[in-house]
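Written below as structure tokens is the structure these notes are about.
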Amino acid sequence: MKAIYFLVGLLALASSFASAYDPSPLQDFCVALNDTQNAVFVNGNFCKDPKVVVAEDFFKHVDPGNVVNKLGSNVTPVSVNELPGLNTLGISLARLDFAPKGLIPPHTHPRATEILTVVEGTLFVGFVTSNQNNTNRLFTKVLNKGDVFVFPIGLIHFQFNVGYGNAVAISGLSSQNPGVITIANAVFGSTPPISPEVLTKAFQVDQKIINYLEKQF
């Protein structure tokens, strides 16, 4: 009997870990509301009174992003912050626009797996695994129109336009608020900055190089 109780407890614990990301909704919808006085705190955002919810709460138009910048790319997120109707639903989306040779630099989504499909153009994409067996494995693929690629949750990944024209992709993410950490920006552009002593030792370079890199961010 003790063994049965132990097994049931173990299964319950495993189930709690399996649902450790965005929890399943307990109602048809919970439109996000930035009102701490007239709402109830649920799943990270306040819920709008269902009686006053309208179709526009579930709608957003997404225009092409401006790719005239240093990276030649633009990410237009459609998370719960931009589309309140996503609240508690555990999904979001992003439009990715690229100029020729445009890059979305190495980054990670701490709360979501990303699935990308190429709408136009040719992208070189990849992700790096955690240091299993003391090795960070790199997986890469060249994607053309209609191709789909998955970036597992929390892993560093990138997208690079290797075509001669502009490229467009759509990414689905398994969180209403996936978050993003761009590696270079986080390391060299944090507020306050990381100690140069830490960075010079971590990257095994002279402090002048660290100072130069910090000025870029």
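Quick reminder: no glycine exception, Cβ is built from N, Cα and C everywhere.
So that you can see what the record holds, here are the features copied from TrEMBL:
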type     : residues                       : note
BINDING  : HIS107, HIS109, GLU114, HIS157 : Mn(2+) binding site
BINDING  : HIS109, GLU114                 : oxalate binding site
DISULFID : CYS30-CYS47                    : disulfide bond
DOMAIN   : 59-211                         : domain 'Cupin type-1'
SIGNAL   : 1-20                           : signal peptide
With an 8 Å cut-off on Cβ distance to the HIS107, HIS109, GLU114, HIS157 Cβ center, who else from the chain surrounds the Mn(2+) site?
THR108, ALA112, PHE127, PHE151, LEU155, ILE156, PRO178, VAL180
What is the interatomic distance between the Cα atoms of HIS107 (Mn(2+) binding site) and CYS47 (disulfide bond), given in whole Å?
31
Overall pLDDT of the domain 'Cupin type-1' (59-211), taken as the mean:
96
Based on Cβ atoms within 10 Å, give me the single least packed residue among the binding-site residues HIS107, HIS109.
HIS107
Rounded to the nearest Å, what's the C-alpha distance separating CYS30 (disulfide bond) and GLU114 (Mn(2+) binding site)? Just drop the number here, would you?
23
In angstrom units, rounded to an integer, how far apart are the Cα atoms of CYS47 (disulfide bond) and HIS157 (Mn(2+) binding site)?
33
